[in-house]
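So that you can see what the record holds, here are the features copied from TrEMBL:
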TRANSMEM  34-55  transmembrane segment
TRANSMEM  235-255  transmembrane segment
TRANSMEM  262-280  transmembrane segment
TRANSMEM  318-339  transmembrane segment
TRANSMEM  360-383  transmembrane segment
TRANSMEM  455-482  transmembrane segment
TRANSMEM  503-525  transmembrane segment
TRANSMEM  603-626  transmembrane segment
TRANSMEM  638-660  transmembrane segment
Amino acid sequence: MEPEEKNPESKYGEPRKFDPTFKGPIYNRGCTDILCCILFILALLGYFAVGILAWSQGDPRKVIYPTDSKGQFCGQVGSPLEKKPLLFYFNIMKCASPLVLLEFQCPTTQICVERCPDKFMTLLKALQNEEDREYYKQFCKEGVDMRKRAPEILKDGLCPSILTPSKNFTRRCLPALETLKGGVVVVGNETTFRDDYAGENINATDLLEASKKSNAVVEARAVAMRIFEDYTQSWHWILLGLVIAMLVSLIFILLLRCLAGVMVWVMIIMVIIVIGYGIFHCYMQYASLKGQAGSDVTIKDLGLQTDFSVYLQIQQTWLAFMIILCIVEAVIILLLIFLRKRLLIAIALIKEASKAIGHVMSSLFYPLLTFALLFLVIAYWAITAVFLSTSSEPVYKVFNTTECMYSRDTCKPETFNSSNVTTECPDAECLFAFYGGETLYHKYLILFQFYNLFLFFWCANFVTALGQVTLAGAFASYYWAFKKPDDIPAYPVFNSLGRALRYHTGSLAFGSLILAIVQVIRVILEYLDQKLKGAQNKCAKFLLSCLKCCFWCLEKCIKFLNRNAYIMVAIYGKNFCTSAKDAFFLLMRNIVRVAVLDKVTDFLLFLGKLLVVGIVGICSFFFFTGKIKIVEDAAPSLNYYWVPILTVVFGAYLIAHGFFSVYAMCVDTLFLCFLEDLERNDGTADRPYFMPERLLSILKKSNEGVKTVD
C-alpha cells in the first residue's frame, strides 16, 4: 500500500518534473495537426463555393414578396407590378381544400392588385353600370373585356364571380371577418351573402374556415412580419440597451479588478434581490388579475395565439412564472449554503484572476473580436441558407373544378392554352403551385443545406477555440512570469493570437470538428424527435430521448476537455490529442482540487452574468411597457413588447458572457498552471513557486489530506 500512497497518480501519467529553463508558453514550436488544417481550408473553400452557387441561383424575393398565379412577384420594385403589392384570390372558398396544406398553394387564380376590395359586389351586378364595371375590372386579369357577358367571362376564368370586403394581411387580401358576441361570424356586417352566378348563399362561417386554410401557411410569416415591424420601431432602443449591458458588464469587471471579494458578495446578494423582486412582481400581477373576467382561462384552453400578450392577461401565466422563479431562488440559496466554505477559496482565485486581467487589460477587449467573427459566421450561414432555400424554380400545375385525368400534372403557362388539356378539361387552369426543380442542383439541395449547417458549427466552434487559446496563452504568460509585471512579455494577447494562427490552426480545427460532429448529430436527433411526435411507437421515442440525453452529455464533456486541451496547446505547443491527454491526466491527478474549485468559480461568474441580465432586463421591461413615467412618451408603439425585451435580455447575456468568459478562461488557465506549478516546484530557493504565497496557502487548503508531489 505504501507505493500507492507515495504515487497514487501513476495510472494518470507521471507528474511534471522540475525544468529550470521553463519560463511559460514555449516560443520555439512547430505546426500541429497539419492534416486537419488542410482539411479545414479545403472545407472553407467548398463552403465559399456553395455560397457562390447559392447566391447565383437563389432569389430572396420569394421570401419577401407574395407570388401570383404566373409566378410574378407582387409589389417588386422596378417590375410592372410595382404598384400592385397585394395578392388577391378569385375564390377564397377553394382554399378550404386539403390541397392547400399538401401543396402549400390555394387552387384558385391569384392576381396582384393595388388595393383589396372594400364592398360586396357580384360580376352580374358590376356589368350593369359603368362605375361598378371599372371598380370590378381591377380585380380581374389583365386585358379582360368587360363588355362580354358574365358567363363568357367566368368560363374563361378572367374575373372572380363575387367580391367580398377584405383586409390586407401579410400582403394578401383576406376576408374582413369579425366574430361578434355569441360566436356569430360576420363579414362586412353580413352573416351570409349570395353568389348570383352560382345561385347559392355563402355563410360567413364557411368563409372563415376557408380563410384560415388559406392562411395556414402564412400565419408564421404574419407573426414574423409583426416581429420585424417591432424591430424597425425599436432597433435604436435595443441598441442602446445592448450598449448599457456592455457598460454594466465592463463596470462589474473593473470593480472585480479592484474589489473582487466585496463584488462577489454584492453579486450574490443582488442576484437574490433581483430574483426576489421578480417573484414579487409576478405575485402582484397574479393577484391583480384575480376576479377579472376571463383571467381564470388556462393556457391549454387558450391554445396557440399569435398575439402573445393575451397570455399575460390570464392568472396561470403569472403563476407559472412565479413558480419557476421560486425554484431558481431556492436552488441558488441552497447552493450558497452548501458551498459557503468553498466560496472563500473560489474568491481567492477570482482575486488572482483580477490581478492577471489588470496586467493584461487588452484581454477585456478581445471578446469584441470574437463577437465580430461570430457575427460574420452567423451572417454568412443565414444568408447562404436563405439563398439556398430560394434557389428553386417556379413549378406550375393543372388545377380544375371537375374530374380531369391531367389534374395536378405539371404544365407550362406559355403552351398550356394550345395543349390537349384545355380540350379535354375546358375548366382547367395552369397555375403556379410552388418553388422546386428537377435538375441535378435541386436534387442535391438538401445536401448543400446540410453542408452549410455543418460548416456553420465548425466555423463557430473554431472562432470560440481561437479565443480560448489566445486568452490562455496570454494569461499563462502572466502566471509563469516570476517577477510580475516586469517579466510579462510585451503584447501578450497579440503574441498569443499570432502563435495560435501560425502554428495551431490545425489543432483548433481538430477540436472544433469533433464538437461540430456531435452538435450536428444532436440537430438530426431533434429533427427525428419532431417527426416522431405523432408516432405511437413508445420504444422508438424512448430510445431517441436516451440518445438525445447521451449526446447532450457528450457535448458538455467534449467542451470541457477541449477547453483544457487548448490551454495546454497555448502553453506547450503540442498537437490536440497530446494536449487533451496531458490536460486530462493533470486534472485527474488533482481531482479533489478540481471538484472543489472549478465549478464553484463557474457558479459565481454565472451569478455575475445573471445580475447583469437581470438589471438590464428589468430596466428594458419597465421602459418598453411604458411603466417609467419620465420616458413614457419615448417608448415605441409595438405589436409585441416582449420582442425588444427578449432581444435585449438575450443580447445582454451574450455580452455579459463575453466579458465574464475572459474571467472564466483566466481562472481555468491559472488553475491548470497552479497544478503544474505544484508538480514542478516545491517552494524552495532552487525551485520556487510562481504563485503568490497568499494564493498558495488558500488553495492548498482545498486539498487537505491529499499528498502533494514533492
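The backbone N, Cα and C atoms fix where each Cβ goes, and this holds for glycine too.
Scored on C-beta pairs under 8 angstroms, the neighbour of the transmembrane segment (34-55) with the top count among 235-255, 262-280, 318-339, 360-383, 503-525 is 503-525. Remote same-chain partners of the transmembrane segment (262-280), defined as residues 6 or more beyond its termini with a Cβ less than 8 Å from a stretch Cβ, comprise 252, 255-256, 321-322, 325-326, 328-329, 332-333, 336, 343, 347, 350, 604, 607-608, 610-611, 614-615, 618. Against the transmembrane segment (235-255), stretch 638-660 has more CB pairs under 8 A than any other of 318-339, 360-383, 503-525, 603-626, 638-660.
Sequence-distant neighbours of the transmembrane segment (455-482) (same chain, 6+ residues past either end, Cβ-Cβ under 8 Å): 22-25, 40, 43-44, 46-47, 356, 359-360, 362-363, 366-367, 369-370, 373-374, 377-378, 381, 488-489, 492-493, 495-497, 499-501, 504, 508-509, 511-513, 515-516, 519-520, 562-563, 566-567, 569-571, 661-662, 665-666, 668-670, 673-674, 677, 688, 690-691. Long-range neighbours of the transmembrane segment (360-383) within the same chain, counting only residues 6 or more positions beyond its ends whose Cβ lies under 8 Å from a Cβ of the stretch, are 51, 55, 250, 253, 452-453, 455-456, 459-460, 463-464, 466-467, 470-471, 474-475, 477-478, 488, 491-494, 654, 658-659, 661-662, 666.
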